[in-house]
């Protein structure tokens with residue numbers, strides 16, 4: 001049996017994780033700023049998550065949501081103070097793309113309209129509906145025709161928002177475009193977007209699969225912009241390392257959904273509910289959101305101090321512990337050098353080194369990562385100069 005590698009192979013066999021670190025099969029320790037593309041924001045093998053999962057495993061592991069469970073009730077109680085504004089309802093799923101699919105379906109049903117608007121350089125997933133609102137043609141074109149009609153507007157361009165009209169069911173937006181280069185939305189753009197969707201009766205869907213649950217220094221990244229969306233997708237960090245996603249909805253939308261409108265065999269399973277319960281406790285008890293905000297500013301400051309003299313560094317940007325270093329060249333060489341220096345990061349867009357650090361990252365870790373990034377970028381510059 002052969003494993004089909006659909007992601008780039010990093011050439012490492014990882015056998016253990018703890019907090020902000022992972023170890024390979026030879027025992028080499030790495031600082032993990034990749035975190036499974038942002039999943040391990042609460043750290044690898046978080047003790048409270050393990051405790052809740054272990055306890056639940058002794059009782060029951062899987063069950064249809066047709067049946068109630070005490071752990072789901074506990075999860076709802078613990079998550080309640082963290083829920084997005086005015087969203088008292090949740091659909092429980094497994095992966096980010098599932099949450100996006102549910103959001104698109106919900107928007108079409110609620111509005112009775114078909115047209116969806118997304119943004120250039122967006123990424124929302126690889127299943128058929130989510131792929132339809134993902135910009136990268138390399139992902140989309142082999143599988144077309146997909147869901148339609150879908151129109152892509154320019155991110156952060158207020159003038160183009162006039163294309164959101166009375167035929168639009170929903171607009172889906174990332175508050176920070178992660179896959180495309182850690183590009184934050186402008187506040188005036190987000191406010192104009194909210195105003196235009198309300199004006200024409202379209203739903204505003206904020207995709208927070210990567211940005212949500214504390215990573216950007218707010219529980220939800222939309223809170224940086226002074227708006228409230230109609231629907232919000234969450235995933236990655238919300239399960240503390242366990243596969244969970246969710247669609248959050250306000251009452252006025254939830255009350256219009258009927259049995260059979262959506263479903264998920266594993267969604268809301270007891271193990272997932274245990275993971276979200278624990279993750280919610282960690283977020284509150286460890287002041288994770290505040291830590292992400294403070295540490296993110298420290299990290300960006302250190303990066304700027306270490307990298308400001310390098311001519312190929314264009315910009316260091318992001319919010320909280322979602323940080324991008326834009327350089328003049330593709331980051332493959334730099335990422336390999338960083339890996340050799342025992343720091344794991346990942347690519348974003350065509351020229352960005354992306355850091356998705358766990359909240360327990362220390363200043364010493366930040367120094368180590370910044371030094372590794374410097375070495376990697378210098379190596380990139382040298383090789384580019386030669387070739």
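Note: Cβ is positioned from N, Cα and C throughout, glycine not excepted.
Among the features that Swiss-Prot reports, pyridoxal 5'-phosphate binding site is placed at 96, 97, 123, 207, 208, 209, 210, 265. What Swiss-Prot lists as substrate binding site is 126, 264. The N6-(pyridoxal phosphate)lysine annotation in Swiss-Prot covers 236.
All features noted in Swiss-Prot, drawn onto the structure.
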residue : record                              : Cβ neighbours (10 Å)
96      : pyridoxal 5'-phosphate binding site : 31
97      : pyridoxal 5'-phosphate binding site : 22
123     : pyridoxal 5'-phosphate binding site : 23
126     : substrate binding site              : 15
207     : pyridoxal 5'-phosphate binding site : 31
208     : pyridoxal 5'-phosphate binding site : 30
209     : pyridoxal 5'-phosphate binding site : 29
210     : pyridoxal 5'-phosphate binding site : 29
236     : N6-(pyridoxal phosphate)lysine      : 26
265     : pyridoxal 5'-phosphate binding site : 10
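In this structure the alpha carbons, written CA, of residue 126 (substrate binding site) and residue 96 (pyridoxal 5'-phosphate binding site) are 10 Å apart. Here the CA atom of residue 236 (N6-(pyridoxal phosphate)lysine) lies 6 Å from the CA atom of residue 209 (pyridoxal 5'-phosphate binding site). On its own chain, residue 264 (substrate binding site) has 92, 93, 94, 98 as residues at least 6 apart in sequence with a Cβ closer than 8 Å to its own Cβ. Residues 96, 97, 123, 207, 208, 209, 210, 265, recorded as binding pyridoxal 5'-phosphate, reach a greatest CA to CA spacing of 25 Å. Here the residue listed as 'N6-(pyridoxal phosphate)lysine' is positioned 11 angstrom away from residue 97 (pyridoxal 5'-phosphate binding site), judged by their C-alpha atoms. The two recorded residues, residue 265 (pyridoxal 5'-phosphate binding site) and the residue listed as 'N6-(pyridoxal phosphate)lysine', have Cα atoms 19 Å apart.
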